[in-house]
Amino acid sequence: MAVRWTWAGKSCLLLALLTLAYILVEFSVSTLYASPGAGGARELGPRRLPDLDTREEDLSQPLYIKPPADSHALGEWGRASKLQLNEGELKQQEELIERYAINIYLSDRISLHRHIEDKRMYECKAKKFHYRSLPTTSVIIAFYNEAWSTLLRTIHSVLETSPAVLLKEIILVDDLSDRIYLKAQLETYISNLERVRLIRTNKREGLVRARLIGATFATGDVLTFLDCHCECNTGWLEPLLERISRDETAIVCPVIDTIDWNTFEFYMQTGEPMIGGFDWRLTFQWHSVPKHERDRRTSRIDPIRSPTMAGGLFAVSKKYFQYLGTYDTGMEVWGGENLELSFRVWQCGGKLEIHPCSHVGHVFPKRAPYARPNFLQNTARAAEVWMDEYKEHFYNRNPPARKEAYGDLSERKLLRERLKCKSFDWYLKNVFSNLHVPEDRPGWHGAIRSMGISSECLDYNAPDNNPTGANLSLFGCHGQGGNQFFEYTSNKEIRFNSVTELCAEVPQQKDYVGMQNCPKDGLPVPVNIIWHFKEDGTIFHPHTRLCLSAYRTAEGRPSVHMKTCDALDKNQLWRFEK
């Protein structure tokens, strides 16, 4: 018996040593205390659990204190900055913009600890919190080839604005970056920062799986996900954690303030924030708060219910996130995961909110810094699992999505069944009732091809931030939906509703076709947006008594205008096709 015990003891000892070796290798960059002045910040020192006699206001202190503000420094208080550059410096700046889609040349010259003016509502500033009763959080920041200064400014911003008693850790997840400065240089830098851990993936995982890797190592009660080019404002964390402490089924987002990619000006929203929505291509959109939600809230600082979230910045109870099925790991890189999670939380008994007292700035790059080749695959997965029969509206506007190999969905569908989730019809009626649901009547939606110039289809391409700022035109038929998808409704409207609900109109005394916002459901239809799409293929506008006609400009470019109807003119014939 003694011999058996000795061998068992040896086996246990060997197993313990192997486990210890694994942990040492796995956490090659461990959490260390910061030396005084690390990264330019003043350390408060290692913090103990608060004593019972510690005052509540003292519990609000962050782990690190920002250096004193320098009103003359670039970007201080969130001001816009512009450098006077010579030809060589300007070339360097443009090269960095091309690489990162952000003005990193300027970012590198702005303090990592800059101060941001606190423009929160008075009620937010006056709000008191019971810190001892709030849950702790792990802040998870996944990154891939992020610029040095924007990544470090994000880290310092969290450390310098989050109460030390609430911030369990910052977990950085490096998704196989290949930039040299993100190797040993980053490890050395964060080894001087308290409560910051670095995890590196062994292969490119994409945002969804990289975040999940971070979540598996998190020890906080709440998971707070941030993008890697953010700046947190004063008091950003407490409202999120307090809301979750009161309702664990709430996923709560901060108000996302804009940091200009070129000047680094911090635009803080001071009024009512926008809420999330989507169009029928399953692209995220911002919307104003509807009246029924304003009426439901009793205070300006009450959380605002949102049908969807942007996805980059949110907090969720770790237990609830696991119960809800975390992320769909079948999604690649990024894109679509935000809508999938939004549909899931609402349909499965939770809620999604934006807290008006929590503000985090986000640098919106000039363009996406890397491609999203799997966006349609991701959105198709969301549509197949959560949208029921309404997924046809998505496919109609994204014909290539029907051919996407979106992978095995059996586990996600079982999850929906196990959680006893509601239908998408319920979601539209109870959560996003303001969204117009297309009719998509058979034979009356899709691309509208000209019979006179048969290679061309009606096309609408509005400028950014001005949905009605263009005219209807012709462009080569591409079969991709999008800007060539139209719907002829039972109200006799020609709707362009892939992005925004727009209706074709003929402005008074004009011969071109513009676009205006469609009337809300149930309201009268203006006469200038009523069309008769006849069986013979003509598109007649009763108010002007004219017909839509294709033609070529003097330069030979195909276009459309309104013209006297002529039954023999083939340029006035059109047909819908999928």
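In case you wondered, yes, glycine gets a Cβ from its N, Cα and C as well.
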Among H72, H362, H393, H436, find me the residue Swiss-Prot lists at the same Mn(2+) site as D227, H229. H362
Disulphide bridge to C357 as given by Swiss-Prot, partner from C12, C124: C124
With DSSP as the reference, give the number of residues of the domain 'Ricin B-type lectin' (444-577) in helix, strand and coil. 9 helix, 51 strand, 74 coil
For D227 (Mn(2+) binding site): intrachain residues, at least 6 apart, with Cβ closer than 8 Å: I141, T154, G312, L313, H362
Using C-alpha atoms only, work out the spacing between H229 (Mn(2+) binding site) and C565 (disulfide bond) and round it to an integer in Å. 57
C565 (disulfide bond) versus binding-site residues D175, R204, W334 - nearest by Cα: W334
Not counting D227, H229, H362, residues with a CB within 8 A of the CB centroid of the Mn(2+) site are T150, T154, L226, C228, C230, I259, G312, L313, G361, V363, F364
List, in sequence order, the same-chain residues at least six positions removed whose CB sits under 8 Å from that of R204 (substrate binding site)? Y144, D175, L176
Would you mind checking how many other C-beta atoms are within 10 angstroms of the C-beta on C503 (disulfide bond)? 24
If you average the pLDDT over the region 'Catalytic subdomain B' (303-365), what number do you get? 95
